[in-house]
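**Student:** Found this in Swiss-Prot, in case it helps:
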ACT_SITE  ASP336  active site, nucleophile
ACT_SITE  GLU371  active site, proton donor
REGION    460-479  region 'Disordered'
SITE      ASP443  site 'Transition state stabilizer'
Amino acid sequence: MTQLTAGKPAPLGASFDGKGVNFTLFSAHAERVELCVFDREGNEYRYDLPAREGDIWHGYLEDGKPGLRYGFRVHGPWQPEYGLRFNPAKLLIDPCALRVDGDVKDDPLFLDGEQQPDPRDSAAIAPRSVVVSDVYDWEGDSSPDIPWGNTVIYEAHVKGLTYLHPAIPKEIRGTYKALGHPVMIAYLKHLGITSLELLPIWHFASEPRLQRLGLTNYWGYNPLAMFALDPRYASHPERARDEFRDAVKALHQAGIEVILDVVLNHSAELDLDGPTLSLRGIDNRSYYWIREDGDYHNWTGCGNTLNLSHPAVAEYAHACLKYWVETFHIDGFRFDLASVMGRTPAFSQQAPLLEAIKNCPVLSRVKLIAEPWDIGEGGYQVGNFPPPFAEWNDHYRDATRRFWLEKSLSLGEFAGRFSASSDVFKRQGRKPFSTVNLVTAHDGFTLRDCVCFNQKHNEANGEENRDGTNNNHSFNHGIEGLGGSQDVIERRRASVHALLTTLLLSQGTPMLLAGDEHGHSQHGNNNAYCQDNPLTWLDWEQANSGLTHFTAALIQLRQRIPALTADTWWEEGDGNVRWLNKDAQPLSAQEWQNGMPCLQILLSDNWLITFNATQDVVEIVLPDGEWRAIPPFAGEDNPVVVAVWHGPAHGVCVFQR
């Protein structure tokens, strides 16, 4: 192979120009950077990157081509007390690699020393970065650009959603291809989903601890290479990018957006006892938040925390997000532990990455959803993200469960959550869509498990049931587990209907966990991050089709009610909402605070939702007018006309006049 010439300092990563490959790498503290390329036999050839502009090291390989496998060895001081941990014995993944080949094994070759750098060479087992030529025919594809007011999000796992679907060809189940299969798209359209939110598909690794237990990181919240698509959901690693883009294109043609759950808060290098794979060896002090003793600030609970207030790291993350929008036509992002994005180290709305996203013409137009917390001091930031971010609303999740399952919530608090949590989000010109309402998510009980289990049952995770939250706000209706008498089963069914009705008819952006609409259970496991097995895969042959139709009818109903699709906050007397007691009278101050958990909500003056969260049948007098119960609470051709509703325990109904 030829020697390197200087090349250019941009863009970051490996760029093929038709004749050769330009390589660039950021490192502020390195003293020397070697590019390591590998031939088909695995032989390694090393070249010093010959040029440096500021903190960008770069070089051009004239005969480099797509498919070339490479990595870096970075030389510099070993001063762990200052956060400097350079060790050229470790082959490092390009942080901007567009493809990575190989998995991270539980192997001591990846580990480094405490006082001295570990001299063992990791190249024999290290994953390889791969040069990619990015050509794809989008055939005029464009984003469905669903208005926030009409958005219904469906949170799903690529494999778990499709792996057991009997109508999808067996050879593509559990893959990107399956997402774009006509059967899956038809199902999402029938359900009324506008936006498919996928759990992480950036190339990720399984933690060594899980590997020793014979488990894997199923969810994917352990990123290895943030520009690289994970190949495990492809028919072949080389086809992953096109197969995923084919799926995005097919979903777009059906009017469905694709949102990615992304992890910009930590990396798969974990704590100082974890593997050295990329960022730690490239520039540990720049990429991570470092304590005064040289260890990591662990505000993520995963061992390390990315320092997104560092200008170069913020630009790296910004470029990554832009890349996914421009190259894969992604319609939005959900940011895991998003408070890290605003740390300076205290949380600030003006943090570099948040400012870059807000001012970016590419990113500011896509959907942006923050998980507004991390585990560090000051990490809980619900309601504090700037526009245009929406946020997961755990207030809503807990309040809705408490109202229906624990009977421990005032009507005032319930109404506040039902009306887009205006006390939390009505600021800085934000709209009602800013709250992403959820009752369940990948993290926690499924909806069915919320009504079947009082306690978590996470023994299969290998931590003696210590992992996962104990604060579930669930109710098993008298017996722990999925079994029970017919009475128990009926009360659980009513509670599920009530929770779904509340979720899908509240103001704000609803998010539905895949499988909740057909009764999926994880048998009480509320932290199934490492369960790549039938516990998490949706069982389509056992799906509760009645519950699926109920959910689809609710979503269809939601889209018909102006008060739920408009981007305006509800105000007293504006005709959007009226709050009534069981006698059709305005709720009194006493009832708001201490009234029985029973109320009527009149939306857009024509739709009436009646809620009875008591244990008894309650006679509810409807307001004046001719009210008809409507689907999914009555047949389309045989609506029930009533003036008084005898609300069963845990009961809900919707009427139209």
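Glycine is no exception: its Cβ is also placed from the backbone N, Cα and C atoms.
Burial and contacts for the listed features, if you can.
**Tutor:** Listed in sequence order, PRO200, TYR221, ASP261, VAL262, VAL263, LEU264, ASN265, GLU371 are the same-chain residues six or more apart from ASP336 (active site, nucleophile) with CB atoms under 8 A from its CB.
Under the three-state DSSP scheme, GLU371 (active site, proton donor) falls in the coil class.
ASP443 (site 'Transition state stabilizer') counts 18 other C-beta atoms within 10 Å of its own C-beta, drawing on all protein chains shown.
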**Student:** The region 'Disordered' (460-479): which same-chain residues, six or more beyond its ends, come within Cβ distance under 8 Å?
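**Tutor:** Residues packing against the region 'Disordered' (460-479) from afar: 210, 213, 215, 398, 401-402, 405-406, 444-445, 449-454, 485, 488, 491-492, 495, 525-531, 535.
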**Student:** In the region 'Disordered' (460-479), how many residues does DSSP assign to helix, to strand and to coil?
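**Tutor:** Helix (H, G, I), strand (E, B), coil: 2 helix, 0 strand, 18 coil.
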